[in-house]
Amino acid sequence: MVETFSYFLPPTCHIYNLYGPTETTITATYHPANIMDHNQNSIPIGRPFPNYQCHIVDNFQQIVAMGQTGELFISGHCIFQGYLNRPDLTEQVTSASLSDTYGGKYCYHTGDLCRMDKQGIIHFIGRKDFQVKIRGQRLEIGEIEQIIFNSSLHITNCIIMKYEEEYLLAYVEIMENIHDETMIKDYCQKHLPKYMIPSFFILMKKFPLNQNGKVDRKQLPKPDLIQLLSIKERQQEYMKPETDIEKCLYQIYLEALSLPADSKLNMNANFIELGGTSLSIMKVLSLIRQRLYCQMDVTLLFSNSSIYQLSKIMESLILEQQQSSSTNKQINLNEIPEKKKHKHPSPSLILETLGIILLIYHYFMSIYASTKLISYIGLFSSSYVFFIILYYVIMIPCIQLYSYLIWKHLLFPWGMKTGAQEFYSWTYYRWWFLNQLWKLNSQWLYCLLGTPIYNIYLRLCGSRIGRNVHIYTTLIDAPDLVDIKDSIFIGYDVIFNSLMFEHTSVVLKKIKIESNCSIGCCSVLYNGVQMDTHVLVRSMSSVTGNIPSKTIIDGTNYVQQQDKIDDMEGKMNLNLYKYCYQIMSIFGVICLHSVSIYIPYLIYNSTILFLLPYWVSLPLCWMSYLSVCITITLFSIKYIVGIRISSGQYALNSWYILHCVWLRHLLVSNFGHSFQRLFDTFHPIYSHLLRWLGVKIDDQINMDIKIADFSLFLYYPSNLLTINNQLTTFSQVRFVPYDVNCYGQCYVDQIYIGSQSTFGNNSTIHPGSNVPSLTMIGAMTRLNSSTKLIVNNQEQSLIVFGIPAQQMPFRFTSIVDADKNISNAIIYRPSIRTVLWPLFVGFIIVSMSLICWSIAQNNLLLSFICFMFMYSFVLCFIHCLFVKYPKLKEILWLQRLNYYLLFNYYQCIGQFISGTQWFVFMLRGLRAKIGRDVIITDTCNIPDPQLTVINDYVKIGYGAVIQVSSDVLIFFNELMNHYFFCCVANF
């Protein structure tokens with residue numbers, strides 16, 4: 001409330017928290033509210049007014065020590081004289097004054113429990129008459145009520161009551177937009193011990209009041225334990241017990257909870273969530289030992305307290321016991337029948353074709369709608385070309401992003417539901433269509449990464465996103481199943497995989513992340529993640545299942561943190577000025593996009609290109625567009641962002657990180673794609689560009705740096721990168737600009753790369769990495785400041801592999817001679833042909849587009865569908881020629897033509913047909929040997945189709961790469977033996 005008022009009051013206005021019963025003339029204490037102090041769960045009631053005196057006493061009316069809890073007595077001149085005609089009641093709440101300093105005959109007993117800190121400030125704890133004892137623990141009802149109040153701004157009142165000597169019952173008065181207690185319970189689990197969390201929550205729109213306007217506790221609805229359990233059950237998917245062990249455990253739980261036999265329990269809920277106590281848990285243990293397994297250990301019961309988990313454990317224990325001693329069986333269970341052979345469902349080619357057509361329509365509908373709108377307004381004029389381009393650059397992404405919301409609410413009006421679904425069912429195809437729409441819109445979402453605008457859009461898509469969340473990934477296959485709490489950092493290209501393939505079904509599971517967590521780049525969250533608070537996930541780690549609080553996940557290793565961890569909120573929240581800075585930066589990038597289109601338009605109209613045919617002029621305009629994008633990227637990084645960045649630790653919400661790192665990422669993610677489209681892989685110009693940007697590069701040789709994905713280098717601060725001679729990086733080698741810890745601090749440091757170093761596919765380099773000379777980094781390897789590499793022999797190379805990186809015991813002895821051969825093979829002299837290749841491929845693509853346009857009689861949708869078939873036929877024809885005439889593979893220019901055509905096909909058409917049988921048909925045409933019922937969800941799954949064999953019933957998820965060769969091996973087969981270690985690790 002104080003924080004809300006602060007937005008509407010001037011800075012000179014002060015807010016005070018006043019406290020006092022009516023018997024002390026309304027107010028007795030005051031405290032100035034400090035809205036900047038985020039560490040306080042509640043505002044103190046402060047110090048007494050003049051002529052008042054406050055005492056905190058125990059049950060014997062003795063003043064307690066500083067910091068201890070006791071009842072608050074108030075004395076002074078303003079104490080009332082007593083209740084009218086009720087001397088008996090007056091005597092109960094008053095006593096002789098404990099001090100004569102401020103006069104007054106009486107001390108008033110407030111009945112409020114308080115404590116006084118060392119500064120003399122009084123803190124309110126709760127009501128004395130609301131103390132209860134549950135399961136041997138004495139609880140302060142006021143503390144629990146305060147936590148529930150803090151869980152949501154939509155809670156107007158809360159009452160905690162004891163129920164049947166074993167349970168805590170919470171009555172919560174709410175507004176209309178809260179429908180269940182999940183959010184409240186999750187908040188309580190983070191801020192209260194387990195024994196203080198209410199067993200049940202009853203949500204009410206209005207509490208009954210008595211004649212004095214206070215809550216009438218006697219009129220509150222009497223709880224029904226059976227009904228409460230059924231309400232909780234309806235909020236989660238009901239699973240009926242199937243096996244004999246599950247049925248037996250189900251019956252034991254009902255008896256321990258004193259529930260009727262027809263009650264429905266959640267198989268996945270733990271015993272405490274079902275209302276269990278420590279005594280009832282011991283009853284469960286006793287019944288299990290009597291009926292199922294006499295050697296049952298109590299630790300197994302506590303660690304696997306749900307029926308489903310416990311049944312799996314019990315099944316293995318009983319099976320072991322039966323195998324060891326068939327004569328001493330604890331229970332006669334029916335043998336579990338053999339699993340029937342599942343009949344694999346078949347994909348629906350009709351639904352997939354219809355979905356592809358709708359995706360194409362969605363993509364071009366935004367252009368059509370924008371054109372209709374601007375023509376209706378009447379702004380088509382040659383003098384407003386730049387503003388017309390700016391209009392299209394703004395409207396097309398907005399329409400496409402909004403259309404996703406429309407489709408989402410049409411296909412899943414009540415949201416996605418967790419659980420198993422059959423392959424190729426209606427639910428599966430609805431998910432596939434939405435996932436394809438999301439991937440199509442990802443190019444627009446790059447402008448919003450790391451901003452509150454992206455969080456708002458995710459909320460509109462069904463995600464539950466808290467405050468102060470920084471998300472830098474678009475790889476989310478089901479936004480509706482993502483639940484992220486407050487103060488969380490999610491790094492670049494983190495994969496949220498809610499859909500899992502299991503036999504003949506697909507399973508949708510929720511991904512839930514509690515507050516104050518940090519997830520490093522390229523990590524994978526899959527198969528239902530329940531992450532507790534203060535979890536640190538290092539980059540390239542795989543996360544699944546329940547993750548306890550204060551855990552460090554490093555690859556597949558889980559380590560508990562011992563240090564005390566502060567909340568990240570103070571270092572992650574962005575104020576209004578930083579919001580405005582992000583919005584202005586995004587609008588600036590939109591204007592730069594308009595400029596990159598407007599300049600080729602001017603070139604087209606003011607030069608001879610206007611007279612050339614379209615199949616010649618359009619590729620030339622495309623080349624000029626790429627050149628402008630590259631110029632914008634380089635000059636913006638050097639002169640707007642700046643190349644001087646200092647090492648050290650910075651808060652994530654600092655201006656330094658916002659300007660030097662976030663803005664750099666915004667520019668590179670929007671324009672960096674131009675480098676790969678215009679220049680060849682390992683182009684020698686890359687070393688010159690890095691040196692111009694401020695990267696420290698050895699001056700001995702100028703063209704010995706071989707980089708496959710140049711744009712990934714641009715994310716890292718230039719002056720913090722040192723590169724020596726003969727560096728070779730293959731595809732998707734990422735340099736992470738900073739690491740974020742659980743304190744909300746960013747760690748920025750230098751990276752040193754020694755001479756003759758090689759980085760395999762998909763490796764990740766973090767700040768503080770020091771790579772010695774003659775080092776070979778394997779694919780899927782992560783290096784950071786803690787990676788220690790020992791060099792014993794200058795003539796032998798180091799082999800580093802793993803997550804985290806580990807030095808291998810074997811070495812390459814002839815690394816120097818091998819690097820000479822590599823340099824001779826990879827380094828080629830720069831010529832005009834290296835730039836003309838994209839132009840030549842553009843001629844081919846535009847020519848096919850114009851042919852299809854004329855065939856479809858100027859219908860945009862039909863012409864694009866025709867273009868898809870023609871493009872696919874051309875690629876398949878080239879691969880058939882390679883099979884029939886193997887000597888054609890030795891022609892370098894034909895190999896390059898095939899590479900560029902395939903790359904543009906994946907970028908242009910693959911995003912529409914991925915995950916369907918049409919994409920499988922296309923890969924078969926590219927000479928891939930693929931069996932029946934195969935799902936390939938992304939075009940990046942199989943970069944080398946001609947060398948890939950996949951059998952029946954295989955499902956390849958997003959992010960998986962079956963890579964037999966790297967980019968350089970396509971052109972230089974003689975390097976296969978030397979780089980085999982780096983390349984095959986992706987599989």
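Note: Cβ is positioned from N, Cα and C throughout, glycine not excepted.
Positions annotated as domain 'Carrier' by TrEMBL: 240-318.
With a cut-off of 8 Å between Cβ atoms, the residues of this chain six or more beyond the transmembrane segment (349-369) that come close are 392, 395-397, 399-400, 403, 407, 429, 432-433, 436-437, 440, 860-861, 864-865, 912-913, 916-918. What TrEMBL records for 349-369 (among others) is transmembrane segment.
Same-chain residues lying 6+ beyond the ends of the transmembrane segment (384-407) with a Cβ under 8 Å from its Cβ atoms: 362-363, 365-367, 369-370, 373-374, 433-434, 437-438, 440-441, 444-445, 447, 457, 460-461, 590-591, 593-595, 597-598, 601. Feature annotation from TrEMBL assigns transmembrane segment to 384-407 (among others).
Sequence annotations record features per position, and here TrEMBL assigns transmembrane segment to 579-603 (among others).
According to TrEMBL, the feature transmembrane segment maps to 615-637 (among others). Residues of the same chain lying 6 or more positions beyond the ends of the transmembrane segment (615-637) and with a Cβ under 8 Å from any Cβ of it are 592, 595-597, 599-601, 603-604, 609, 643, 664, 667-668, 671-675, 677-678, 689, 692-693, 714, 718, 835, 838-839, 842-843, 845-847, 850.
Counting same-chain residues at least six beyond the ends of the transmembrane segment (835-856), those with a Cβ under 8 angstroms from any Cβ of the stretch are 614-616, 618-620, 622-623, 626, 677-680, 862-867, 870-871, 874, 896-897, 900-901, 904, 908. Marked as transmembrane segment by TrEMBL: 835-856 (among others).
Marked as transmembrane segment by TrEMBL: 862-883 (among others).
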Which bits of the chain, at least 6 residues beyond where the transmembrane segment (579-603) starts or stops, bring a Cβ under 8 A of a Cβ in it?
385-386, 389-390, 393-394, 447-448, 450-453, 609, 621-622, 624-625, 628-629, 632, 636, 658-659, 662-663, 666-667, 670-671
Across the domain 'Carrier' (240-318), what does the mean pLDDT come to, as a whole number?
74
